[in-house]
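Sequence annotations record features per position, and here TrEMBL assigns active site, proton donor to C126. For K22, N23, the entry in TrEMBL reads phosphoenolpyruvate binding site. If you look up TrEMBL, you'll see R102, R131, P132, V133, D134, L135, K172, V173, S174, V175, D317, I339 marked as UDP-N-acetyl-alpha-D-glucosamine binding site. Per TrEMBL, the feature domain 'Enolpyruvate transferase' maps to 8-418. Taken from TrEMBL, the feature 2-(S-cysteinyl)pyruvic acid O-phosphothioketal covers C126.
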Amino acid sequence: MDRIRIVGGNKLNGVIPISGAKNAALPLMIASLLTDDTLTLENVPHLADVEQLIRILGNHGADISVNGRRERQGESYARTIHFTCRNIVDTTAPYELVSKMRASFWVIGPLLAREGKARVSLPGGCAIGTRPVDLFIEGLQALSANIEIDSGYVNATAPAGGLIGARYTFPKVSVGATHVLMMAATLANGTTVLGNAAREPEVVDLANCLNAMGAKITGQGTSTITIEGVRSLSGARHRVLPDRIETGTYAMAVAMTGGDVILEDTDMALLDTALEAIRRAGAEITETNSGIRVVRNGAGIKPVDIVTDPFPGFPTDLQAQFMGLMTMAKGTSHITETIFENRFMHVQELARLGAKISLSGQTAKIEGVGRLKGAPVMATDLRASVSLVIAGLAAEGETMVSRVYHLDRGFERLEEKLTRCGAHVERVSD
Ligand code: UD1
């Protein structure tokens with residue numbers, strides 16, 4: 001199993017190209033099941049989760065071809081992928097495939113909308129809390145789907161004439177359930193109004209792509225999304241938006257190690273709240289023509305309290321990385337996680353590097369230690385594992401991160417991007 005070896009202590013200096021967002025690419029790929037025409041996606045990151053979803057979509061009958069492997073030689077690895085699903089050959093998403101990645105459960109929306117039925121295994125995914133699917137079920141039932149749960153599978157069927165548009169208000173904000181309900185409603189009879197919808201940029205990206213395919217969606221980016229059902233959708237060409245979590249992760253890495261880095265092909269507006277927190281911690285952040293410049297020279301890291309929240313709040317997917325940064329602050333900070341109930345697995349690993357963190361319910365108290373010392377650590381989930389990498393970059397000596405398959409699910413060419421900025425990071429295969 002691969003490990004990542006880091007020798008910390010170097011400042012980061014240079015340019016890091018930001019990839020297309022994993023969390024946008026996945027629902028966009030799934031949207032290809034809604035049409036018998038070709039959906040072409042540009043700027044798709046090369047990640048284990050994307051490859052896994054390619055297998056899952058292939059199982060449903062999608063014909064997938066990948067080209068444009070390198071947009072800019074040696075730099076980004078954005079790919080253009082064509083998805084054509086003339087016929088859905090199988091409306092079942094089996095446990096063996098869905099259990100590897102939670103987002104693959106989302107195929108339930110398009111399958112039900114287009115074929116009138118779907119049988120989808122209950123998901124697995126990162127071990128960060130219970131992550132139920134009650135909101136998906138309730139929402140699809142609101143569109144008149146009949147749903148039964150049997151032997152670990154969700155069996156969903158639509159009425160004879162197809163799903164029926166309705167008004168549904170989510171009791172809790174859910175990104176995935178918003179994606180699924182929005183996709184399902186595009187082909188429903190009549191109009192659907194989703195209240196308390198997720199406002200994440202990835203939801204907006206999906207809505208824009210669906211509209212390019214002929215859907216009639218308005219209100220994306222606000223809490224109320226209206227979808228007027230249409231008879232069918234066509235193909236389209238769409239560019240996946242930049243990965244705001246990758247952007248924030250590298251910005252925090254620079255804030256932690258010090259240095260001067262340009263994050264290219266990204267957009268400050270995607271992560272205002274997180275950038276503001278990094279600024280308050282002592283880094284200078286400015287907009288450039290193609291992205292964001294992050295600088296920290298000399299000034300120490302200041303403690304900053306944060307609370308995770310749905311967009312536009314501080315993203316839960318950057319919580320672990322920000323905790324890494326706060327371990328080296330001059331003073332005490334508090335981080336409260338409100339989205340997932342078990343998302344502090346990185347705490348004990350950061351402690352191995354010398355961090356002082358105590359937990360009380362959903363809040364972590366971090367007493368800055370000024371310096372960390374390298375150690376062997378274990379990646380526990382996708383975002384937690386990258387927090388260990390950035391902490392390792394700032395720690396003295398060697399940090400060896402094991403179980404890096406978590407990282408490969410979400411960070412494209414991490415070692416290469418960091419090495420180009422002067423970091424000592426290498427992959428070690430046993
Ligand atoms: C997506 C992101 C993930 C991010 C999360 C929150 C993708 C592929 N993943 O995950 O990286 O951390 O948004 O920003 O885009 N919930 C229920 N019932 C449901 C569905 C969700 O109770 O039926 C709860 C979850 O357990 C969690 C909260 O709602 O506590 C938010 O989860 P949700 O927004 O659905 O996360 P995902 O879409 O799975």
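Indices start at 1 and increase along the chain as displayed.
Backbone N, Cα and C define each Cβ position, glycine as well.
The structure displayed is predicted, hence computed values, not measured ones.
With all protein chains in the displayed structure included, the most crowded Cβ environment within 10 Å among the binding-site residues R102, K172 is that of R102. Packing around D134 (UDP-N-acetyl-alpha-D-glucosamine binding site) is summarised by its Cβ count: 11 other Cβ atoms lie within 10 angstroms of its Cβ, all protein chains included. A Cα-Cα distance of 11 Å separates D317 (UDP-N-acetyl-alpha-D-glucosamine binding site) from N23 (phosphoenolpyruvate binding site). Long-range Cβ proximity for K22 (phosphoenolpyruvate binding site), meaning a same-chain Cβ under 8 A and a gap of 6 or more residues, is found for P45, L47, D49, V50, D243, I245, R409, G410.
This prediction places the mean pLDDT of the domain 'Enolpyruvate transferase' (8-418) at 93.
Around N23 (phosphoenolpyruvate binding site), the C-beta neighbours below 8 angstroms that are at least 6 residues distant in the chain are V175, E200, E202, D243, I245, D317. When the binding-site residues P132, S174, D317 are compared by the number of other C-beta atoms lying within 10 angstroms of their own C-beta, P132 comes out lowest.
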